[in-house]
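K.L.:
Found this in TrEMBL, in case it helps:
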{"type": "BINDING", "residues": "B:C37, B:C40, B:C43, B:C179", "note": "[4Fe-4S] cluster 1 binding site"}
{"type": "BINDING", "residues": "B:C47, B:C160, B:C163, B:C175", "note": "[4Fe-4S] cluster 2 binding site"}
{"type": "BINDING", "residues": "B:C100, B:C103, B:C108, B:C143", "note": "[4Fe-4S] cluster 3 binding site"}
{"type": "BINDING", "residues": "B:C112, B:C133, B:C136, B:C139", "note": "[4Fe-4S] cluster 4 binding site"}
{"type": "COMPBIAS", "residues": "B:12-22", "note": "compositional bias 'Polar residues'"}
{"type": "COMPBIAS", "residues": "B:300-316", "note": "compositional bias 'Low complexity'"}
{"type": "DOMAIN", "residues": "B:28-56", "note": "domain '4Fe-4S ferredoxin-type'"}
{"type": "DOMAIN", "residues": "B:91-123", "note": "domain '4Fe-4S ferredoxin-type'"}
{"type": "DOMAIN", "residues": "B:124-153", "note": "domain '4Fe-4S ferredoxin-type'"}
Amino acid sequence: MTNLWMDIKHADVITVMGGNAAEAHPCGFKWVVEAKAHNNAKLIVVDPRFTRTASVADLYCPIRPGTDIAFLSGVAKYLLDNDRIQHRYVAAYTNAGYVVKEGYDFQDGLFTGYDPDKRDYDKTTWDYEIGPDGYAVVDETMQHPRCVMQLLKTHVAQYTPEMVERICGSPRDKFLKVCEIIATTSSPERTMASLYALGWTHHSKGSQNIRSMTIVQTLLGNIGMLGGGMQALRGHSNIQGLTDLGLMSNLIPGYLNLPIEKEPTYADYAAKRTFKPLRPGQVSYWQNYGKFFVSFQKAMWGAKATRENDWAYDYLPKLDVPTYDVIRGFELAKQGRMSGYVIQGFNPLLSFPNRAKMTEAFSKMKFVVVMDPLQTETARFWQNHGEYNDVDTKSIQTEVFELPTTLFAEEEGSLSNSSRWLQWHWQAQEPPGECRSDIEIMSGIFLRMKEAYRKDGGAFPDPIVNLTWNYAIAESPTPHELARELNGYTLAPIEAAGTQLPAGKQLDGFAQLKDDGSTACGCWIYSGCYTERGNTMARRDNTDPGDRGIAPNWAFAWPANRRVLYNRASCDPEGKPWSEKKKLIEWNGKQWVGFDVPDYGVTTAPEQGVGPFILNQEGVARLWTRSLMRDGPFPAHYEPFESPMANLAFPKVKGAPAARIFKDDLADLGTSQEFPHVATSYRLTEHFHGWTKHAKINAILQPEAFVEISEELAREKGIAKGSWVRVWSKRGSLKAKAVVTKRVKPLICDGKPVHVVGIPQHWGFIGHTRKGWHPNSLTPVVGDANTETPEFKAWLVNIEPTTPPSDAVA
Amino acid sequence: MADYSSLDIRQRSASTEQPPTIRSHQEVAKLIDVSKCIGCKACQAACEEWNDLRDDVGVNTGVYDNPHDLTPKTWTLMRFTEYENPESQNLEWLIRKDGCMHCTDPGCLKACPSPGAIVQYANGIVDFIEENCIGCGYCIKGCPFNIPRISEVDRKAYKCTLCSDRVAVGQAPACAKTCPTGAIMFGTKEAMIEQAHERVEDLKSRGFDHAGLYDPAGVGGTHVMYVLHHADQPQLYNGLPKDPRISPLIAFWKGGAKVFGLATMGFAALAGFFHYVTAGPNEVAAEEEEEAIEVEKAAKNGPTNGTGTGAAARPH
């Protein structure tokens with residue numbers, strides 16, 4: 001989230017699209033209800049299904065799964081055509097006037113530089129024109145034919161309401177009503193909050209879905225504002241922490257990158273990360289990358305990371321492919337090239353696409369280690385459960401280790417939520433049986449590995465035997481010890497920000513980090529969470545000056561306890577809040593003061609002309625993203641990889657051209673002749689993922705797997721409410737009960753009806769609920785070009801009435 | 001069900017004498033704002049947790065409602081209705097939390113023949129006291145909302161207690177405490193009515209011209225009230241009665257029929273008395289007495305035929 005949960009109560013318009021907040025985030029949704037009750041907010045829901053969120057919305061507009069970019073490009077076009085943008089904001093705080101290099105183009109659905117064999121782009125033309133002064137050329141009048149504003153206007157020109165209706169199946173009047181309400185927030189006095197989740201990310205162009213709304217929000221001047229922002233609602237209590245701490249195959253903590261093979265030395269790596277400002281006088285805060293990186297290396301290897309050995313740069317693995325994400329991992333396992341898998345708090349058999357492929361991959365592995373507080377289907381993938389998991393157990397030789405772990409309530413530590421808060425929590429009860437914490441298990445494995453490397457050597461034991469491990473009890477580091485490492489500490493006396501710190505002291509924040517080896521910090525953005533004054537994550541003061549929903553002394557928010565990112569943009573260029581009612585900070589003549597920690601130099605005067613987006617090299621928000629996205633500097637509409645329609649926007653390109661798909665998976669795609677209906681998967685309020693099927697009460701509340709279809713499709717197929725149906729795709733088949741509902745309607749796309757089959761995802765073959773199938777039995781294996789997130793939200797199926805599974809209750 | 005010792009009782013089933021109320025009480029109420037409800041069923045979970053109820057894990061019947069109906073172990077239930085509004089042409093998903101309405105004039109209590117099985121506390125909560133329940137099911141007939149359910153295990157009637165045990169110690173009902181969106185509110189009836197008016201204003205401003213408070217007069221008002229978008233058509237919300245009243249049968253049974261029944265019993269007693277006065281008591285004649293003595297002798301001395309004395313000894 002750029003803002004925070006409580007901030008939603010200040011929104012004037014709330015758009016829930018690419019998510020279903022009431023259903024998947026019912027507790028946080030209270031702030032939406034609050035905005036409606038006490039801020040007279042209007043709630044818009046755009047979703048293929050009329051959801052629980054839609055049930056309390058002021059306006060619901062249907063949309064065909066996988067067409068969000070067309071819809072939102074249509075909204076952007078409406079705002080531009082009708083001159084409903086926040087002009088001063090766009091002029092001062094965005095790259096609308098930046099002139100793009102000659103040679104950049106977008107034709108027939110492809111950006112310049114596409115290589116169809118590699119399914120990738122050569123992105124050299126995707127940049128600004130650089131002037132003789134070494135800075136990007138800017139046309140403040142925004143009239144230059146190659147300036148971002150003009151390119152944007154051309155880029156969205158074809159998404160007329162008629163085109164949106166043809167592609168998305170969203171009725172024109174509803175679409176225009178959505179545009180009208182959204183456009184009211186171009187006023188500096190009004191803001192819109194965009195709430196989204198996996199409904200946008202689970203697509204072959206998931207990142208660009210989010211980019212589309214970012215463009216809309218930036219044109220409206222809603223970023224950095226109270227009650228505005230892009231609100232990514234995270235689906236697990238600590239999934240924000242997972243990304244913050246770099247638990248992706250290509251990241252290290254704090255959104256730093258793991259090196260690639262083409263960067264054999266630290267000099268190569270650092271040269272690509274200078275982040276030189278693109279305009280005079282800009283902050284470009286990533287210029288401090290070296291300080292974050294060196295401090296990370298010092299936290300990892302202490303005295304063994306020296307200037308002489310490039311801060312132990314060689315200890316880091318170098319990627320030979322962009323990412324070793326799960327899709328690639330299981331492709332390798334299927335080929336017999338990944339032979340073991342350690343799973344922490346994950347149920348991949350029912351989480352990753354194409355269940356049959358998952359089963360095949362697991363069956364080829366030598367070992368699988370499952371660390372989980374609950375029993376998972378993954379740990380039982382080899383067990384025959386009749387038609388629910390029909391495997392030949394005898395033929396599977398994989399050795400499975402199940403290590404029971406503590407559950408969150410049985411341990412203390414911090415969780416990072418969607419608001420970027422690090423909240424400490426305390427142990428509520430002792431764990432049962434022989435459970436151990438994940439920390440203890442990982443420590444046990446590590447210490448044994450270290451001992452083996454110490455004794456037997458190996459090709460390169462250094463990174464393992466030299467890893468910093470200064471915990472009081474080596475087998476059981478405490479959450480406090482780990483948090484102190486993440487916060488960072490001095491290794492030598494330092495002077496920073498006018499203060500002096502002796503060696504061995506906790507840092508106050510990342511501003512004190514050094515690239516000379518005198519500081520260590522496990523995750524720079526978390527710096528400030530555990531200082532000399534103590535554990536700031538454990539703070540519980542909910543005092544909220546000015547009723548801004550900020551409560552600055554509740555827990556700790558990264559970065560630097562800042563609650564609303566880019567909050568400098570809540571003021572006009574002179575430093576006066578756009579709206580007094582929505583004031584976050586302001587310039588008082590000497591410094592920036594207000595309710596939140598300024599996202600800006602505290603004493604940087606407005607007349608210095610420093611842009612509010614201080615992390616960006618430009619200092620402004622990007623409507624056009626240069627070469628930072630693998631699949632294009634603007635979002636463009638592509639169909640899902642399995643879709644019932646041609647691409648009306650670009651007939652020559654159907655699916656996202658840079659999305660990654662492996663050969664076998666491409667062959668595993670079905671056609672709309674065989675599979676005429678669009679399927680989408682989602683959560684229900686009654687359950688949390690695969691966990692709560694182990695809880696009796698949740699099982700009572702939603703006991704049995706079902707699919708949702710329209711009355712029209714039910715009539716066509718002769719399916720009765722509550723009867724058994726079979727749903728199948730090119731990759732697999734499942735059975736479920738039919739919920740026949742008015743809440744799912746055929747979408748009229750380009751004059752033809754498209755039926756949607758909704759498949760909730762909470763059932764498996766163990767637990768208190770009735771046995772059932774997960775939608776991953778059907779889903780295709782294709783990943784978003786930037787994140788490799790699988791396309792779980794739009795694929796093709798067929799459906800027919802069927803007989804109950806053999807064990808079903810009549 | 002509840003330990004009601006800390007709550008004062010206003011009415012008690014099948015009892016003419018009512019216990020004295022020595023404390024002054026404000027009436028409490030739960031306000032369910034249907035327009036804020038997202039149908040998440042957290043209230044159902046909280047009810048099961050607090051009251052330690054575990055219904056059966058059921059099946060899906062093609063709807064979101066689970067369990068499918070109120071049961072002795074399900075005291076509250078979300079009921080989902082899909083409604084196509086003919087005026088706005090919009091689909092509306094009307095989700096109503098069903099359960100006991102805690103009527104001011106409770107039909108169940110009126111109908112109940114067992115002393116003290118149903119009580120109404122001074123704060124307005126209507127509670128079932130299972131130890132006094134005889135399982136006759138008259139409370140179901142008496143209820144205009146079809147709420148109580150008889151357990152097949154112990155033949156006692158069960159329903160929502162409005163968490164009388166929590167309210168007795170100053171806490172809100174479990175469902176209200178849990179509701180994530182604040183759709184379930186709890187407080188004095190007065191405060192809840194005030195709250196409802198504010199919500200109704202908001203709904204009217206959003207185009208729901210007939211928004212209103214559901215506090216039906218036919219049962220003297222209720223201590224569970226709804227804010228409805230369509231207060232003019234409560235039946236849209238899965239058959240919430242428009243003008244609930246206690247069944248005339250109950251009024252007859254407890255009114256006319258009871259009087260008639262008591263009168264009949266009175267006449268029978270009187271008739272017996274007059275018969276005694278006029279005809280005198282039954283008397284035993286001397287020969288009958290002698291015969292009886294002989295039969296007794298025979299029974300003592302005579303051979304038994306193995307099956308006991310009864311048949312052989314019976315006089316004829």
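A Cβ is built for glycine as well, from the same backbone N, Cα and C atoms used for every other residue.
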K.L.:
Looking only at DSSP and grouping its letters into three states, which state does B:C112 ([4Fe-4S] cluster 4 binding site) belong to?
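P.N.:
Its secondary structure by DSSP: coil.
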K.L.:
Which of the binding-site residues B:C160, B:C163, B:C175, B:C179 has its Cα nearest to the Cα of B:C103 ([4Fe-4S] cluster 3 binding site)?
P.N.:
B:C160
K.L.:
Should anything in the same chain at least six residues away from the domain '4Fe-4S ferredoxin-type' (B:124-153) have a Cβ under 8 Å from its Cβ atoms, list it; otherwise answer none.
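P.N.:
Sequence-remote neighbours of the domain '4Fe-4S ferredoxin-type' (B:124-153) are 1-2, 4, 7, 10, 13, 27-29, 70-72, 98-104, 106-118, 159-162, 164, 167, 189, 218-219, 223, 240-241, 244-247, 249-250.
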K.L.:
List the helix, strand and coil residue totals of the domain '4Fe-4S ferredoxin-type' (B:91-123) as derived from DSSP.
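P.N.:
Going through the domain '4Fe-4S ferredoxin-type' (B:91-123) residue by residue, I get 5 helix, 13 strand, 15 coil.
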K.L.:
State the Cα to Cα distance, in Å, between B:C112 ([4Fe-4S] cluster 4 binding site) and B:C40 ([4Fe-4S] cluster 1 binding site), rounded to an integer.
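P.N.:
That comes out at 34 Å between the alpha carbons.
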K.L.:
To the nearest whole angstrom, state the Cα distance for the pair B:C179 ([4Fe-4S] cluster 1 binding site) and B:C100 ([4Fe-4S] cluster 3 binding site).
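P.N.:
Pair distance, Cα basis, whole Å: 17 Å.
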K.L.:
Quick one: of the binding-site residues B:C40, B:C163, B:C179, which have a CB under 8 A from chain A's CB atoms?
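P.N.:
Near chain A, the qualifying binding-site residues are B:C40.
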K.L.:
Using the CB centroid of B:C47, B:C160, B:C163, B:C175 as the [4Fe-4S] cluster 2 site centre, which other residues of the same chain sit with their CB within 8 A?
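P.N.:
My list of surrounding residues reads B:C43, B:A46, B:W50, B:N51, B:W75, B:T76, B:G99, B:T161, B:L162, B:P173, B:A174.
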K.L.:
What other residues of this chain sit with their CB within 8 A of the center of the CB atoms of B:C112, B:C133, B:C136, B:C139, the recorded [4Fe-4S] cluster 4 site?
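P.N.:
What remains near the Cβ centre is B:S13, B:C108, B:A111, B:P113, B:S114, B:A117, B:I118, B:F128, B:I134, B:G135, B:G137, B:Y138, B:P148, B:A157.
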K.L.:
Round to the nearest Å and give the CA-to-CA distance linking B:C40 ([4Fe-4S] cluster 1 binding site) with B:C100 ([4Fe-4S] cluster 3 binding site).
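P.N.:
B:C40 ([4Fe-4S] cluster 1 binding site) to B:C100 ([4Fe-4S] cluster 3 binding site), Cα-Cα distance: 19 Å.
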K.L.:
So which one is it: of the binding-site residues B:C100, B:C112, which has the fewest other Cβ atoms within 10 Å?
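P.N.:
Result for the binding-site residues B:C100, B:C112: minimum number of other Cβ atoms within 10 Å at B:C100.
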K.L.:
Validating a neighbour-count step here. Other CB atoms within 10 A of the CB of B:C47 ([4Fe-4S] cluster 2 binding site): how many?
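P.N.:
Neighbour count, Cβ to Cβ under the 10 Å cut-off: 26.
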K.L.:
For B:C143 ([4Fe-4S] cluster 3 binding site) and B:C136 ([4Fe-4S] cluster 4 binding site), what Cα-Cα distance in Å is obtained after rounding to a whole number?
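P.N.:
That separation, Cα to Cα, works out to 14 Å.
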K.L.:
Helix, strand or coil for B:C40 ([4Fe-4S] cluster 1 binding site)? Use DSSP.
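P.N.:
Coil, per DSSP.
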K.L.:
In the domain '4Fe-4S ferredoxin-type' (B:124-153), how many residues does DSSP put in helix, strand and coil?
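P.N.:
Taking the domain '4Fe-4S ferredoxin-type' (B:124-153) as a whole: 8 helix, 5 strand, 17 coil.
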K.L.:
Out of B:C43, B:C100, B:C133, which of these binding-site residues is nearest B:C160 ([4Fe-4S] cluster 2 binding site) by C-alpha distance?
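P.N.:
Among B:C43, B:C100, B:C133, B:C100.
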K.L.:
B:C40 ([4Fe-4S] cluster 1 binding site) has how many other Cβ neighbours within 10 Å of its own Cβ?
P.N.:
25
K.L.:
Using the recorded [4Fe-4S] cluster 3 site (B:C100, B:C103, B:C108, B:C143) as reference, state which further residues of the same chain have their Cβ within 8 Å of the centre of those residues' Cβ atoms, listed in sequence order.
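P.N.:
Near the [4Fe-4S] cluster 3 site, beyond B:C100, B:C103, B:C108, B:C143, sit B:M101, B:H102, B:P106, B:G107, B:L109, B:V126, B:C139, B:G142, B:P144, B:F145, B:I147, B:P148, B:K159.
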K.L.:
Using an 8 Å cut-off from the Cβ centroid of B:C37, B:C40, B:C43, B:C179, can you name the remaining same-chain residues around the [4Fe-4S] cluster 1 site, in sequence order?
P.N.:
B:I38, B:G39, B:K41, B:A42, B:M78, B:K97, B:C175, B:T178, B:P180, B:T181, B:A183, B:I184
K.L.:
Among the binding-site residues listed here (B:C108, B:C163, B:C175), which has the Cα closest to the Cα of B:C139 ([4Fe-4S] cluster 4 binding site)?
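P.N.:
That would be B:C108, nearest by Cα distance.
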